[in-house]
Amino acid sequence: MELDNKSMAAADDETEEKKMKQKRVGGIRTMPFIFANEICDRFANIGFHANMITYLTQELNLPLVKASNTLTNFGGTANFTPLIGALIADSFAGRFWTIIASSIIYELVSILPSLRPPPCPTQTNCVEASASQLWILYLSLLLTAIGSGGIRPCVVTFAADQFDMSKSGVAKRRWNFFNIYYFCMGLAALTALTVIVYIQDNVGWGWGLGIPTIAMAISIVAFIVGSPLYNKVKAGGSPLVRLAQVVVATVKKRDAVVPMDPKLLYENRELDADICLHGRLLHSNQFKCLDRAAIVTAGDEPKDSTTPPNLWRLCTVHRVEELKCIIRMLPVWAAAILLVTAQSHQQSFVIQQARTMDRHVAGSSFEIPPASLSIFGTLTVLFGLILYERLFVPFARRLTKNPAGITCLQRMGVGYAANILSTVVCALVEMKRKSAAADHNLLDNPKAIVPISVFWLVPQFCLHGVAEVFMSVGHLEFMYDQSPESMRSTAAALYWLSISIGNYVGTFLVTLVHKYTGSEENNWVPDRNLNRGKLEYYYLLVSGIQVVNLVYYVVCAWFYSYKRLEEVSSVYNEGDVELLANNNGTS
């Protein structure tokens, strides 16, 4: 008896020790190590690609449209790979190991050589990069795309894993977490756009591409150093398999009658325990045809209570609601595609515009590198996030009674509207630039500096920054908040997937515009001479596309229903639950 008591005491001590160990992991102290990885990734990514249009057109001598399409195609690939990385993380590898493996792949870019054709003597006598030189470039871009594929969907969700989002105090500040995350990414972008772009234009591309590579190596070390502190959530199995099981079970029971009382549908807390740590999804009345997957028919439930049912015939309500969540999110998610399409070539075109304008600062000899103009958009994002959190949210909270001020859907809508204004301003500024070129007889001299200040381009960058403060942060928050708990890496990947598809559509749009809008002398998007082009028509075209897209988004947001969640509350006993309906966009 005494031995049994000692064994029980030892077991209790071991359990208590495990609980204490769990309490010691996670929390705010992990953020420096996690954000170091994401900040270095963003720094390296922007350092590699912010000025890449200059590298392609000035160093590899590619035509503007071919160079710009190369970048958007790469952007499409780089933003598609996060879906693969997320599925790997959610299915079996976990977010921690996916981040490490992807960071190492990203670092492999440093071992590839850099090959270039001879310098271009004149605007019309250029030797383009050879096929072998371009394939080295494509391989480098592919490695960075694969590396980003594991980092982008996992870091932000891995950071969120360090906090117990089921606690009311944390949940109400979730919007603040995403603001801080985006603010840190803005600081990384600002550093890359100033320091790295200047080095690339004035020192050389060897250092300009080498420094981002070094930064990526530092990020790997920083992330691994923080490993003992992390709360590492285990992978819950492939989310795509669970979604497929619901679809197959629904098809198999297509003739079954859905009961009027949802309590008659199949529930199994133990089966769902690993995929809903913070509570199960509650039944919703949308897409009721999918409820057939949770109807218990003869032979569905196993004879042994310890054996799970055949999930290709019988699914729990929670698993059915996971699929419903994804279906509800898709129309809102799809609206971001055309927004990205409108933006996909804008950066490349604006850099080429800036290269023809007076870039001197206040009469000094210092010239702003064309790609560094993006700092005005980045600064707008940084200051905008501070003003949003400190001024806008408290003011809006008094009116809406929402802890976040406005819902993430409302926030995204403001971003869509701001981006339309940004593109319209792009068209107006291009008209003014061409007018100045005509006034000084420079229309046929593409390399001449048009006597108009490059700072005319600043307003469109600022408006674009405002759009990011509302749209990009709101979209990321929406995908995280409204996705099923076990699919958050996949949901973050969907955020990047919208960017991927938008880039590919952008390539298709510019290719069509370039092909069908006249000869090279008066094409909307000319390869060599912007002064004779009609780039303002392209900007007006994408502005019109965005107006139609905004109307579509408003309709989708109006009819969207937030997910309803059953959460275990810390103020109740272990078996008790607290029901939370996310009717205001926050938990």
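Any Cβ shown, glycine's included, is placed from N, Cα and C.
The range from 230-253, 494-517 that TrEMBL describes as transmembrane segment is residues 494-517. Among the listed stretches 135-159, 180-199, 368-388, 537-560, the one sharing the most Cβ pairs under 8 Å with the transmembrane segment (449-473) is 368-388. Stretch with the largest number of CB pairs closer than 8 A to the transmembrane segment (409-429), among 135-159, 180-199, 368-388, 537-560: 537-560.
Beyond the ends of the transmembrane segment (180-199), by six or more residues, the same chain brings 35, 38-40, 42-44, 46-47, 50-51, 156, 159, 207-208, 211-212, 369, 371-372, 374-375, 378-379, 381-382, 385-386, 468, 472-473, 476 to within a C-beta distance below 8 angstroms of the stretch.
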